[in-house]
């Protein structure tokens with residue numbers, strides 16, 4: 001017996017030592033990643049300084065203030081050189097990341113790409129345009145970390161299709177931007193590269209998961225960025241940072257690799273799309289990407305070029321609208337934005353029709369969250385090497401770690417409350433798919449819901465829909481406390497409809513006063529948490545969401561352009 005106890009004691013001690021050694025190895029990996037990033041920053045700063053010494057007369061502010069279309073035209077005609085534009089944006093990006101920590105890495109190969117594009121016979125649509133890309137949009141020779149330690153050892157062997165097409169169109173990918181750990185958050189923080197801040201207010205989050213893109217573009221350090229969206233990850237940073245962002249139909253562009261733990265791409269697919277300062281920039285990017293090169297490199301992308309006629313049409317639209325989805329009550333300023341935009345559209349000659357999206361509590365819990373946590377979150381938990389979890393994800397991680405019996409008891413206890421307050425539903429209480437048959441049934445339910453939604457849309461003969469988006473920017477750390485607040489964006493991932501965000505106004509003192517009276521659904525802890533998350537946002541951007549049917553990105557962008565024009569005229 002004593003021998004057995006001694007053996008057991010020795011095993012426990014060995015396990016403790018092994019864990020400590022493991023933690024040390026992980027810490028070292030993280031430190032090396034930060035060191036590599038910082039060295040890259042120094043190299044870029046040096047390159048910028050050398051350029052400055054060679055060309056001291058550059059009109060930096062004039063270049064940075066040019067809209068994308070004008071900048072592209074000047075580069076193509078030769079009145080601005082790609083070299084001047086690249087170094088101007090590199091310098092600005094360095095400044096923005098010092099304030100916001102938005103960059104994960106500079107791409108030193110941008111200097112090679114600069115030489116490459118000048119040898120092309122034809123100038124592509126994005127000739128000489130510096131482009132930033134989200135952390136996991138693969139670039140040859142660089143990491144795609146997803147904010148995870150386990151991804152720090154593997155460099156991409158080749159450019160992703162998206163990067164190849166951007167380069168073919170003359171663009172210069174120059175920076176990779178920060179993301180939340182595992183991409184499963186609408187904040188922007190990970191244990192390796194830290195927290196990214198909102199350029200308009202350092203107390204606020206830039207949103208996520210394309211939060212590094214949001215902060216960099218809003219701060220003026222990039223003119224065009226590529227993000228990805230599986231629950232709002234392009235649209236939420238666009239809302240929080242006052243940008244225009246488009247989540248296309250997922251299969252319209254080549255998808256990028258996510259994590260092994262992410263749900264099957266045929267249930268709720270991840271979409272890749274552009275983020276920029278205006279709608280015309282998004283349209284130019286889509287036009288550039290939807291080219292022969294894209295269709296040849298990835299035959300699974302439908303060969304549908306960008307339809308300029310639809311985008312430039314001025315035919316009056318039949319617009320469905322709603323200012324709440326009946327699931328998670330949004331702050332007063334977000335509903336005001338929909339109301340004012342609705343009035344402006346009506347005055348401009350468009351037809352406005354009330355529209356109510358069906359069964360959002362069911363969509364959120366039974367379709368969206370159940371897709372992600374079909375296995376109770378076990379695959380997702382596997383990505384957290386060495387148990388290193390960002391504070392913003394701890395509530396979700398702890399919920400997933402609960403024993404099944406505890407989860408069942410919790411679900412039972414919360415059942416009466418969930419009936420009144422559907423968004424009280426915690427990850428721990430989501431029913432899992434216990435068999436392959438249940439999984440098939442789950443996928444079928446998603447298809448049935450899509451079909452019902454399209455039927456309702458068609459019955460009302462709608463062209464597009466105007467609706468709210470979550471905002472204004474949350475205080476950092478709060479997105480992790482309110483996972484289910486993303487119902488406004490999540491819906492269009494489940495449906496796989498193109499959806500975009502346009503900033504239309506800003507938070508006023510009157511909005512802030514009205515927020516004090518905000519009670520949400522029941523004035524309970526969740527409502528009060530939302531109130532705390534969005535308070536202190538005077539002057540921050542307020543956006544609306546524009547939606548079209550699948551494969552109608554051009555119509556969605558045309559509607560976004562209309563909303564943008566009307567909001568600027570007000």
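Cβ atoms are placed via backbone N, Cα and C, with glycine included.
In TrEMBL, annotation is done automatically, which means it is predicted and not curated.
The domain 'Amidase' annotation in TrEMBL covers 85-557.
Residue 134 (active site, charge relay system) counts 28 other C-beta atoms within 10 Å of its own C-beta, drawing on all protein chains shown. The active site, charge relay system annotation in TrEMBL covers 134 (among others).
As annotated by TrEMBL, substrate binding site applies to 183, 209, 230, 231, 232, 233. The Cβ of residue 232 (substrate binding site) has 31 other Cβ atoms within 10 Å, all protein chains considered.
Taking Cβ-Cβ distances under 8 Å and a sequence separation of 6 or more, the neighbours of residue 209 (substrate binding site) in its chain are 134, 179, 180, 183, 184, 185, 186, 188, 228, 233. The active site, charge relay system annotation in TrEMBL covers 209 (among others).
With a 10 A radius on its CB, residue 233 (substrate binding site) counts 33 other CB atoms from all the protein chains. The annotation active site, acyl-ester intermediate is assigned in TrEMBL to 233.
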Protein Cβ atoms within 10 Å of residue 183 (substrate binding site), excluding its own: 26
Beyond the site residues 183, 209, 230, 231, 232, 233: chain residues whose C-beta lies within 8 Å of the centroid, for substrate: 184, 185, 186, 208, 210, 228, 229, 234, 236, 270
Surrounding CB atoms that lie within 10 Å of the CB of residue 231 (substrate binding site), all protein chains: 27
For substrate, whose listed binding residues are 183, 209, 230, 231, 232, 233, the greatest C-alpha pairwise distance in Å: 11
